[in-house]
Amino acid sequence: MTRFLFTSESVSAGHPDKIADQISDSILDSILEQDPKARVACETYIKTGIVLIGGEITTTASVNIEKIARNTIQEIGYTHPKMGLDANSCVILSVINQQSPEIQYSINHDSDRTQQGAGDQGSMFGYATNETDVLMPAPITYAHRLIQRKSKLRKNGTLPWLGLDAKSQITFAYDENNKIIHITAVVLSVQHNKNIPLEALREATMEEIIKPVLPQKWLSKQTKFFINSGGTFTIGSPISDCGLTGRKIIVDTYGGMARHGGGSFSGKDPSKVDRSAAYAARYAAKNIVAAGLAERCEIQLAYAIGIANPIAVNIETFGTEKVLHSTLVTLINNFFDFSPHGVIKMLNLARPIYKDTAVYGHFGREQFPWEKIDKVDLLRNSAKI
């Protein structure tokens, strides 16, 4: 019996907000490559024919921001003015200041690097669940996989009529035990050229994108498919919508299945706890679930600006814990260092690894260090299970 429905969405690399995220993280990576201690907060705004880059950057690195932006736009595939953004001819404006000296002092006021303060106040969440192989919620996982499949088929020429812009959305039905029953609805909107009839597009999308991605066990006669349900989608990207860094925070995280502190990720160096603490919380939650200590785990971290350690750590397992809650609290406090310096060291974050995070989600992708499950044995042994 269905207890509730849950829906998550994803967007493609060519979506305007994701163009902005990729530019911001490409600039961050280029700076970190030269200066791992750089302080970067880089925001990007996109509209037809124009890119505006702003923020606060303090670094010894020398980078060509305009060139980085153009190269990123080129790699995404925007190479003609008719697309709304041309890597070669678009206007790129840059308004960059240095980080506030007061904030810089609050972070670095102590000569002991282990006492590096948080760059801001705020709360961050990390989440894991055993309902998928990557210990992520199924709705966001499969929404991302649809978009990844679409991107692959566009790039390899299998579906040459595909455009750069796309959005996916999946609704799952869950039972009273929070277990998946089936998929009730799939929404997929793909930009396309004018040469393909709508019905041919829908058939090809179903056969080449949807069916190879979604597990048959979760599909039924009741599953509804909405492929380009609004009709033709030939005008997209920066022509139809502006783009802005950090506007897809739910797509970037857990698709709404877990709570969110509100801070975005892209364009921020790891001294910003908005980003690094969210990664650390995911790392801890994933290891708790991978160790079999809980079926679902959400960890909240809270910080005060200039203070080295979190002012609050909370763990929620939704009644799925296999050991005492007090044991879980002890384990995460003993085996995970959530101070800003500790997080950067624990996950090796002061390096150029961020551009790849800007599309298809920051979590559930094994190439990132916060996805390691290297503390499983330690946790299990300490919990005596």
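Every residue, even glycine, has its Cβ placed from backbone N, Cα and C.
A166 (ATP binding site) falls within a strand when secondary structure is assigned with DSSP. According to Swiss-Prot, the feature ATP binding site maps to H15, D165, A166, K167, D241, R247, K248, S264, K268.
Around the Cβ of D17 (Mg(2+) binding site), the number of neighbouring Cβ atoms within 10 Å comes to 21. Positions annotated as Mg(2+) binding site by Swiss-Prot: D17.
A strand conformation is recorded for E43 (K(+) binding site) in the three-state DSSP classification. Around the Cβ of E43 (K(+) binding site), the same chain contributes A20, S24, I53, G54, G55, L244, T245, G246, G267, each under 8 angstroms and 6 or more positions distant in sequence. The feature K(+) binding site is assigned by Swiss-Prot to E43.
Cβ environment of K272 (L-methionine binding site): A41, G119, D120, G263 lie under 8 Å away, each six or more residues apart in the same chain. According to Swiss-Prot, the feature L-methionine binding site maps to E56, Q99, D241, K272, an assignment based on sequence analysis.
What Swiss-Prot records for 99-109 is region 'Flexible loop', and it gives sequence analysis as the kind of evidence.
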For K268 (ATP binding site): intrachain residues, at least 6 apart, with Cβ closer than 8 Å: L28, V40, A41, C42, D274, R275
Residue pair D241 (ATP binding site), E56 (L-methionine binding site) - Cα distance, angstrom, rounded: 26
Those binding-site residues of D17, E56, Q99 having Cα within 10 angstroms of K248 (ATP binding site): D17
Where the record names E56, Q99, D241, K272 as binding L-methionine, the maximum Cα to Cα distance in Å: 30
